[in-house]
Amino acid sequence: MSLLTGKQINVLAIGGSAGSIPVLISLLKSISKPVPYTVIIVIHRLKNVHSELSLLLSGGLGYLQVIEPDDKMPVEPDRLYLAPQNYHLLIEADLTFSLDYSEPVLFSRPSIDVTFESVAQVFGQGAVAILLSGANEDGARGIRSIIEEGGTAIIQAPHTAAYQSMPLAAIRLNQEANVLQPEEMIEQLRRSTG
Amino acid sequence: MLQPPHPHIQLTNDELDAIIDLIWKQYGYDFSHYARASLMRRVTRCMLNAGFRTGYELKYHLTNDRNFFYWFLQTLTVNVTEMFRDPVVYRELREKVLPKLASYPVIKVWHAGCATGEEVFSMAILLHEAGLLNRARLYATDINPANLEQARKGMVPVHPMKEYAHNYQQAGGRRDFTGYFTFFNEGAEIKPELRKDIIFAQHNLVSDQVFNEFQLIICRNVMIYFDKVLQNRVTTLFYDSLSPLGYLMIGMKESLLFTNVSPHFEETSAGLRIYRRKK
């Protein structure tokens with residue numbers, strides 16, 4: 001299977017919650033550098049608790065720096081962006097980030113759905129979205145949008161996920177999504193050239 | 001149970017433009033320079049809550065039902081707020097900014113986009129503890145009349161109190177936080193003596209002008225809903241409303257860097273987004 005071979009990728013969006021960090025780190029390590037596309041990560045975190053997540057992700061990623069974008073910061077290739085704690089992260093048509101402090105969606109802020117839907121609107125076929133382990137149902141609608149706008153959707157195989165609810169909910173809503181084990185995702189990302 | 005991904009709601013960019021135009025012409029609120037992605041998301045959310053599937057239905061109700069419009073406005077604008085949100089910022093205010101403001105005979109503070117008042121109540125507590133509240137005038141403004149009506153009651157929900165008390169302590173508060181409230185079934189009321197110098201008024205950052213000169217302006221997580229054009233307008237309005245060396249405090253993930261006034265301000269505390277107007 002060669003999902004991403006020869007595909008023009010503009011953005012890779014990765015969403016995850018409980019149990020997703022180890023897989024996320026191995027995915028990020030597998031991406032060749034310089035990265036010809038933009039990487040956007042949405043991970044659920046506790047609010048008002050200082051988080052070392054960006055530091056954790058930066059470790060071992062070579063020069064690829066993790067940026068928690070400010071409002072209106074331009075979206076650029078070869079950058080790794082992490083949704084800031086306690087905000088929804090959206091992308092505007094002029095390729096700038098837009099933050100949103102409105103109500104949590106499915107108890108989540110940042111919401112994976114909100115970012116994936118926004119990525120789908122702006123990047124269409126150029127979007128690849130990966131949904132990892134988690135204990136709620138965030139991400140399912142976002143994956144739906146990615147598929148509807150012509151992007152590529154990948155969901156972590158539930159039996160390989162520390163928490164299965166999130167991948168299971170997404171698969172239920174998106175029969176046509178690609179369900180892959182972490183090693184298969186890594187293989188796909190290695191083949192992608194952007 | 002998982003709901004379908006708003007499969008029936010169809011709203012194109014052109015339809016959104018038509019709705020923005022209608023609201024402007026009929027009600028005088030200008031949303032044309034709101035950040036598009038979040039505006040689209042919130043309009044779609046309103047439609048979902050109202051049970052509408054098409055832009056036509058939304059236009060029909062906005063045109064013919066004034067009460068619907070006010071419900072729409074309330075749902076469209078973001079009214080989420082907390083007391084002592086980002087405690088590290090309030091600690092900085094307490095330790096670095098208020099001692100500077102203490103030299104003014106009257107300290108004028110503007111909370112722009114105050115929502116239901118939680119941040120201005122937090123500020124009143126800080127000023128009270130610094131012994132400055134009797135010299136302070138707090139102006140709290142919002143676009144949304146329903147928010148102001150709620151804020152004037154001085155009532156906050158009880159359920160986040162524990163979190164607020166924790167934030168207060170993280171912000172350097174050493175007193176009994178709950179002592180600032182009277183508890184009722186319907187909520188916790190801030191003591192009236194803390195609120196008596198707060199003036200709540202409607203003000204629309206999109207269209208209204210300078211109305212006073214301030215030593216401190218607080219506008220946190222409001223400009224994130226605006227596009228660059230409107231952010232430039234609003235930050236210029238803030239510049240014009242500040243006394244020389246006055247302070248401007250914005251949200252932790254907002255930045256003046258992407259606005260025209262950037263050269264006229266310096267960030268006084270790295271990363272906290274507390275800026276000071278240069279002379």
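Cβ atoms here come from the backbone N, Cα and C positions, even for glycine.
Listed in TrEMBL for this protein:
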- A:S17: active site (ACT_SITE)
- A:H44: active site (ACT_SITE)
- A:D138: active site (ACT_SITE)
- A:3-194: domain 'CheB-type methylesterase' (DOMAIN)
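Everything TrEMBL records as a feature, shown here on the structure.
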residue : record      : Cβ neighbours (10 Å)
A:S17   : active site : 24
A:H44   : active site : 25
A:D138  : active site : 29
Checklist line | Integer Å distance between the CA atoms belonging to A:S17 (active site) and A:H44 (active site) | finding: 5
Notebook entry, point to check: If one measures from the C-alpha of A:S17 (active site) to the C-alpha of A:D138 (active site), what distance in angstrom results, rounded to a whole number?
Noted result: 9
Notebook entry, point to check: Averaged over the whole of the domain 'CheB-type methylesterase' (A:3-194), what is the pLDDT?
Noted result: 90
Next item on the list: Please classify the secondary structure at A:S17 (active site) using three-state DSSP.
Entry: coil
